[in-house]
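J.: My questions will all concern the structure given below.
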Amino acid sequence: MNKTFPADLKDRKVNISQKAVDWPRNGKEKRKVFLNNFSAAGGNTALLLEDGPAYEAPTATDPRGTVPVTVTARSISALKRNIANLQKYVSENPSTTLTSMSYTLTARRIQHNYRVSFPLDQINKFSDALQAQVKESYSPVPNAPTRVAFCFTGQGSQYTGLGQKLYNDLKSFRDDIDQLDHLARVQGLPSFLEIVQGADVQTLSPVKVQLGMACIQVALARMWAAWGITPAAVIGHSLGEYAALHVAGVISASDMVLLVGRRAELLVRDCTPHTHGMLAVKGGAEAIRNTLGNKMTEIACINGPEETVLCGSGDVVGAANETLAAKGFKATKLNVPFAFHSAQVDPILEQFKKIAASVTYNKPAVPVLSPLEGDIIREAGKINPEYLARHARETVKFWTALTAGQKEKVFDEKTAWLEVGAHPVCSGMVKASIGATTTAPSLRRGEDAWKTISNSMCTLFTAGVNFNFDEFHKEFNDAQEMYTLPTYSFDNKKYWLDYHNDWTLRKGEPAQTKEVIVEKPVASASAPAVEMPAKRLSTSCQRVIAENFSGNNGSVTVQSSLADPKLYPVVCGHMVNNAALCPSSLYADMALTISDYIWKQMRPGTETPGYNVCNMEVPKPLIAQIPQPAEGQHIQLEANADLDSGIVKLNFRSVMPDGQKLQDHAHCIVRLEDKAAWEDEWSRYNYMVQAQMELLQHKTLNGGAHKVQRGMAYKLFKALVNYDEKYRAMAEVVLASGQTEASAMLDFPTKPEDGDFYCPPYHIDGSCHISGFIVNASDLLDSEQNVYVSHGWGAMKFSRPLTAGMKLRNYVRMQPQPNNVSKGDVYIMEGDQIVAVCEGIKFQQIPRRVLNTFLPPNKGSGPASAAKPAAAPVAAARPAPAAAPIKTAPAPAKAAPAPAPAAPKAAPKPKKAAAPKKPAGGLTAKVMKILAKETEVDEGELVDEAQFENLGVDSLLSLTISAVFREELDMDISSTLFTDYPTVGDMKKYFAQFDNGSSTSSSAEEEDSDEDSIPPTDAATPMDVLSTPASSVPSSAPSDAGKPDSPTRETLEDVGDVSLAKHIVAQEMGVDIAEVTDDADLAEMGMDSLMSLTILGELREKTGIDLPSTFLTTNPTMKDIDNALGMRPKPKAAPKPAAPKAAAPSSSKKTDMNEVSARLSALNNNTDISRYPNATS
């Protein structure tokens, strides 16, 4: 390129290597390289590189037997991958040492918000310990580090060898102990080193023991501070308050040693050991006082609501112990030489006060929770000689101090508590006083110090406390090496555009979208606009209206009219309660058709993969209008394919003829898989399926199974779903209903003129609906009371399309699952080979009355062209593969007013336009989907504790998402939304208030609607109610209010001393009525959303009140329900023989129920209903 470049480089002593040259490193000497790049664009970059430090093997041995291990990440998926990568590393590197692994993972890695941590003592346990940490989801710790409060233990917890392990292993701890011991000796006090050198604590004087206890606590607090843990508040129990005051900065270390040592000396000099005692009692102070009466002695400590310590002379304490034991109290004598906080210490108080007067007292650097005052000390002057004298004599009000700190918000429920002392004595007191909280000890009697410390570090770390792990390992660095562990597993996304097809033509620019121009009528007589021809794929995918392929990604949108003469029978041949419900087998065929089209467009000439249709969900069933309107009903399918991941995502929606969206109906995914792998897997159990089919045939000879021909089979099916002739593929059925097991000979009665499909919906449904047939025809089911409703399938795989003329048999055995679910796999065989499988078909058992309540049978008849529909009382009990689990959560309807006296019928009002519908799945669900899409994270990562800042939501992205919210949700969104609600949980709570009550404005219009007419596809249908969570089910059940058979007070009295409501709840939940106590939470007793529908329907029917859909969430306990309904049983008065029973006025009951109904109608719809579990249907 540069013609003036010199050719005499060698003469200029410029050597350019023509081949690779070895340049080995010479020992520890570093090689240095200067790298310069002068680009053609004029850029000049230079780097000076050198070797890193040479590897040096560890020269020491780490004495710590147990160390903490941490694995962290910025997302749930990355955390799981990091764990898996570490498991693989350890299995491939068996020489890994535990302490070096801990050093590398803690001191040499950044610690993120998603955390797992555990103590470990052997490297061979590493993989199993990691595996134990794997779970479905994790909660991140807050961005702000969790605060820690220090709790210092009192006397009585000493033991031989206290602190000895740390004194021997940890130089900084040893230096602190030696310094404090020096302070004691220079002030004329004895050395206490014997206590950390393993001397028998029973042989040591009280002076040495108390000095040693206080100084070890100070050294422990300094150790934790060096590791990054400093207190947000301190509290000390009895002797422990001296160490607490030093750590809080009130007194110096020298003064603390002086006060503790001189006080102990005064006790030894002026008090006789073991003449008095202390008794720890499991019980409240008031209960103990009432029990002992005149034998009551002094109270030394009130440690909690049920933790009290008594003190006094030995005789008095002994007598109290016997009395309390006889009354069932648990009591333990403490191993202490003196009865602290009792009259025994009175002789030392004046002298001790004089000693304390020589000490300087400072303002606390952190709040001090004072067990003496039962209050918080923040200012200077409150701690003085008088305070310390009273501290030695008066009651320790530990519980009161903790309660005061909680009330004044010195700490909250997230604050962690670190007990600084010989043994975790106070941790239980803290939990008993302020409730569940994180506590961790520093040392534990009988346990290796490093094991206790490692356990506590892991507990605190996973609670959000940040450690300085460099300092933790600092003194043992010579024993460590840093491992080259797997790098962080980033959530990488591919943005590179691979070369594909027409790159050279368009250079990555998107293809021109093909759009169909719809012909519009013109006013003039001139020729109409010419309609561009649209590509037709099949009967179910009639027009390709848009397509775009780029690299390994593609999208295609197709639109079809239900009025098409060959598509119309597919929907109208599947009649439920005389309504033409679109079967999900049609969705499956459309998914197969468009997936096959996309593959052939993007990989022309290659072998087609297997199309696995899975995760089908139908939030809003499509109901075909009969007859079809003039403009027809149109269904649109949008498919987005990613060939890198082998997934096609599909969304089904109804649209106007011009493509304007009306309603989302269903979505699923298609996985592109290897058909040969399917067939290889199926071949391994072909023989088992074949054997079961033959066994069923054999059972027909002895009555163990029954054979039913096509006509009778579908006549039985007619009670559930009325299938058109084209769907009736089961020519002969063999069933063992007691085992919910069946097999059928398949003969598809379709003809070529019935339509061109990839796999006809008639064949998909006909080959799989044997599963619904057997669960509903089983002897195990009381079909008059219950039915099974389709709950979707896991995967649907066809190794070849099912065509008319194929000789096939199918087999299924449905297995009972928890929560009244039946589940099984349908195998379809040609000869002795499996050619298709529908895996994980599920059916949910529900009461028939629930279906009839929320999907009332229509009285109208279908058109003559439809498939001879017959009314079916069981709406959604069509066999798989029918509608998958329905998740739409429509807004609660406004509660109906109380019944009123009959009035002349008003003239019918003109029908009004329906109010805008809420997004399918509820507003909060829509918000979560938008957040997941815009932040490009999996929806599973959006746990309540996740902070948007950690999800990458900066100021620019927050504005973008807020704009999407405004557009998609049609709401006025503040620009400070993400500042006001910084976590996912906060955001959910904000939008949850809009999830309810949004249909109030349109309630009048809904009340005026014609209930007997078949709704349009975008109207709310009874099927929506059938499979929604109970938290959003409208009060659409017909009300019996005002009927002559509405219950009266006499009727309610017939059920005994409990209310009618309690009888209904007990009966529907299947529990003994005694278990339904007044304060029992029905949700915790197992009432899910489906059961709540049943109970709500029964209450409406029996009380004659149109209860709101939020009734059971607003009134979560039996007591609340009875009070709301005015059914609380009253104590029966003694009978009065002379007073005959007066008849109640006929209107009294009516008035009473009107009041109740009116009160219920006024309930606030904005109720948090997330506490109930989702229904399983």
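Backbone N, Cα and C atoms are what each Cβ position is placed from, and that goes for glycine too.
Automated prediction, rather than curation, is the source of TrEMBL annotations.
According to TrEMBL:
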type: ACT_SITE; residues: His574; note: active site, proton acceptor
type: ACT_SITE; residues: Asp765; note: active site, proton donor
type: COMPBIAS; residues: 1004-1013; note: compositional bias 'Acidic residues'
type: COMPBIAS; residues: 1042-1052; note: compositional bias 'Basic and acidic residues'
type: COMPBIAS; residues: 1162-1177; note: compositional bias 'Polar residues'
type: REGION; residues: 542-677; note: region 'N-terminal hotdog fold'
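Map these features onto the structure and tell me what's around them.
T.: Its Cβ taken as reference, His574 (active site, proton acceptor) is surrounded by 29 other Cβ atoms within 10 Å in the chains shown. For the recorded site, His574 (active site, proton acceptor), the DSSP three-state label reads strand.
Asp765 (active site, proton donor) falls within a helix when secondary structure is assigned with DSSP.
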J.: What is the three-state DSSP composition of the region 'N-terminal hotdog fold' (542-677), stated as helix, strand and coil residue counts?
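T.: The counts are 27 helix, 64 strand, 45 coil.
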J.: Measure from the CA atom of His574 (active site, proton acceptor) to the CA atom of Asp765 (active site, proton donor) and give the result in Å, rounded to a whole number.
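T.: Cα of Asp765 (active site, proton donor) to Cα of His574 (active site, proton acceptor) measures 10 Å after rounding.
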